[in-house]
Amino acid sequence: MGQSMSGTRRASLRIEGKVQGVFFRESARVEATRLGLTGWVRNRPDGAVEAVVEGEPAVLEEFIHWCHRGPAQARVSGVQRTDSKATGEFSQFNVERTS
């Protein structure tokens, strides 16, 4: 992790709607990796998807904008977001097991 974390941010997201069974997690992984973001995404038992994402603020905004749409089969009804300082604990973006 030799790069400086200054300027990097963390966003914790909860994505609601028709977001499970529509390849949302894998599509999010592909999009986050394309953008150079790190973190994880997983399904929640209540039908939502949650993600923790770290990266440069402008790139995070691009990913969050994508989350409001999701893949073609998804129907996103809302995205809740909490911002914080990045920890640098992630080296890539992964799909995690359901919480």
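Numbers here mean position along the shown chain, with the first residue as 1.
Just so it is clear, glycine is given a Cβ too, placed from its N, Cα and C backbone atoms.
Quick caveat, the model's predicted, so the values are computed rather than measured.
Some features that Swiss-Prot has for this protein:
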| type | residues | note |
| --- | --- | --- |
| DOMAIN | 10-97 | domain 'Acylphosphatase-like' |
| ACT_SITE | ARG25 | active site |
| ACT_SITE | ASN43 | active site |
| REGION | 75-99 | region 'Disordered' |
| COMPBIAS | 89-99 | compositional bias 'Polar residues' |
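Spacing of ASN43 (active site) relative to ARG25 (active site) is 8 Å (Cα to Cα, whole number). Helix first, then strand, then coil: DSSP counts for the domain 'Acylphosphatase-like' (10-97) stand at 25 helix, 36 strand, 27 coil. Long-range neighbours of the compositional bias 'Polar residues' (89-99) within the same chain, counting only residues 6 or more positions beyond its ends whose Cβ lies under 8 Å from a Cβ of the stretch, are 1, 25-26, 28-29, 32-33, 37-45, 50, 52-54. For ARG25 (active site), applying a Cβ distance below 8 Å and a minimum sequence separation of six or more within one chain yields VAL41, ARG42, ASN43, VAL49, VAL95.
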